[in-house]
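See structure below.
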Amino acid sequence: MEAEKKASAVSDVGAWAMNIVSSVALIMANKQLMSNSGYAFTFATTLTGFHFTVTALVGLVSNATGYSVSKHVPAWELLWFSIVANMSITGMNLSLMLNSVGFYQISKLSMIPVVCVLEWILHSKHYSKEVKMSVVFVVIGVGICTVTDVNVNAKGFICATVAVLSTSLQQISIGSLQKKYSIGSFELLSKTAPYQALSLIVLGPFIDYFLNGKFLLTYKMSSGALLFIMLSCSLAVFCNVSQYLCIGRFSAVSFQVLGHMKTVCVLTLGWLLFDSEMTLKNIMGMGIAVMGMVVYSYAVELDKQAAAKAAHHAKSSLTEEEIRLLKADLNVSPVKDLELGQQKS
C-alpha cells in the first residue's frame, strides 16, 4: 500500500512537472517565434492548428504501433468538445486583441471561480472553506504581479466572457470524458486532436487575418522560423498530453490553481532571459500566489484524508450492521425449527 502511494505521488509530481516545464518552454519558444524582435510569425490560431496536427499524428502512430489502445467515444461528443475547445482558443485570441493586457489577465484569473461554479452546477461538487480561501490568495497574488492597465469595451467583454466559459467547460469536460468512458488522457487527446486540427487548419488563417490583417501565404518563411515552428509543435505535444493527464488525475480547479505556477516561472524567466522588469510589486504578488498554491495543496490533501476516513467509517458501519443482521438470523432460525418440530410432533 505504501509503495503504491509513493508511486502515485511520484506520478503526480511528474505530471505537474511535465506540464509546467513544457508550458513555460512553449511560451518562451512562441515569444521568439511571434515577437517583432524574433521571427514575427503572428498567426497564433494557425500555429495552434499545427500543434494539434502534430499531436494527432503522434496519437495515430501510437495507436498503429500498439503503444496505446483506442477506445470508443461517440463522434458527437468529440465534435462538441472540439467546438468548445476551438471557441476557447479563438475567444482568448480575440480577447487579447480587443482588451487591454490587464483585463485579459483578469479574465484568465476569473476562470478559477468560474470552474468552481460550473463544477458545482454540473457535478454538485462542494469545496471546503480552506480551499476557497487558498483560491482567493492565488487570484490576488497573480493579479498583483500581472494586472496593470485595465481597459474594457463591449466587444472585448463579450469575447472574454465566451473565452472564460468555453475554456472552463473544456477543462471540466476533459476529466468528465475520461471518467465516463474509462479512457486514458493520451487516448482521449488522440481522439479529440484530429477534430481540432482539421477545424483550426481550415479556419485558422481567416481568424488570424481578422486579428492582425495579415494572411499566412504572404509570410516569408525562413529556416529559423521553420525551426521554431517545429520546436513549438514538439513542445505542444508534451503540453497537451500533460494537461489532459493533470486534469484526469486531479481536477480542472487544481489545474487552474496550480497552473499559475507557470505564470510565476514565465515572469521569472522573462526577467532572467529577456531583461523584463521585475518590481517589488511583482515579487510580492508572486509570493502571495505561491503561498496560496501551498495552502491549496494542503487543503486538498486534508479533504482527501477526510473523505477516506468517511468512506472507511461507512464501510466499517456497514460491516457491523451486516454482522448484527446475520446474528439475528442465526438466533431466529432455531426458534423456527423448534416450532416446526412441535407442529410435526
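In case you wondered, yes, glycine gets a Cβ from its N, Cα and C as well.
Just so you know, TrEMBL annotations never went through curation; they're auto-generated.
The transmembrane segment annotation in TrEMBL covers 7-27 (among others).
Among the features that TrEMBL reports, domain 'Sugar phosphate transporter' is placed at 22-297.
Annotation source TrEMBL lists transmembrane segment at 39-61 (among others).
The list of residues near the transmembrane segment (73-96) in space but at least 6 beyond its ends in sequence, with Cβ under 8 angstroms from a Cβ of it, reads 44-45, 48, 104, 107, 156, 159-160, 162-164, 166-167, 169-170, 173, 177, 181, 183, 188, 191-192, 195-196, 199-200, 203, 207, 211. Among the features that TrEMBL reports, transmembrane segment is placed at 73-96 (among others).
Residues 95-96, 135, 138-139, 142-143, 146-152, 156, 160, 163-165, 167-169, 171-172, 176, 251-253, 256-257 of the same chain sit 6 or more residues outside the transmembrane segment (102-122) yet have a Cβ under 8 Å from a Cβ within it. The transmembrane segment feature in TrEMBL is assigned to 102-122 (among others).
The transmembrane segment feature in TrEMBL is assigned to 134-152 (among others).
The transmembrane segment feature in TrEMBL is assigned to 223-241 (among others).
According to TrEMBL, the transmembrane segment annotation covers 253-274 (among others). Nonlocal intrachain contacts for the transmembrane segment (253-274), taken as residues 6+ away from its ends with a CB within less than 8 angstroms of a stretch CB, comprise 16, 19-20, 23-24, 27-28, 31, 111-112, 115-116, 119, 127, 134-135, 138, 142, 145-146, 171, 243, 246-247, 282, 286, 289-290, 292-293, 296-297, 300.
Residues annotated as transmembrane segment in TrEMBL: 280-299 (among others). Note on the transmembrane segment (280-299): residues 128, 130-131, 133-146, 254, 257-258, 260-261, 263-264, 267-268 of its chain, located 6 or more positions outside it, place their CB under 8 angstroms from a CB of the stretch.
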Non-local residues, at least 6 beyond the ends, that sit with Cβ under 8 Å of the transmembrane segment (39-61): 30, 32-33, 68, 89-90, 93, 186, 189-191, 193-194, 196-197, 199-201, 203-205, 207-208, 211-212, 214, 216, 219, 222, 224-225, 228-229, 232-234, 236-237, 240-241
Distal contacts, the transmembrane segment (7-27) - CB-CB under 8 A, six or more residues away: 232, 235-236, 238-239, 241-243, 245-246, 249-250, 258-259, 261-262, 265-266, 269
Average model confidence [pLDDT] within the domain 'Sugar phosphate transporter' (22-297): 85
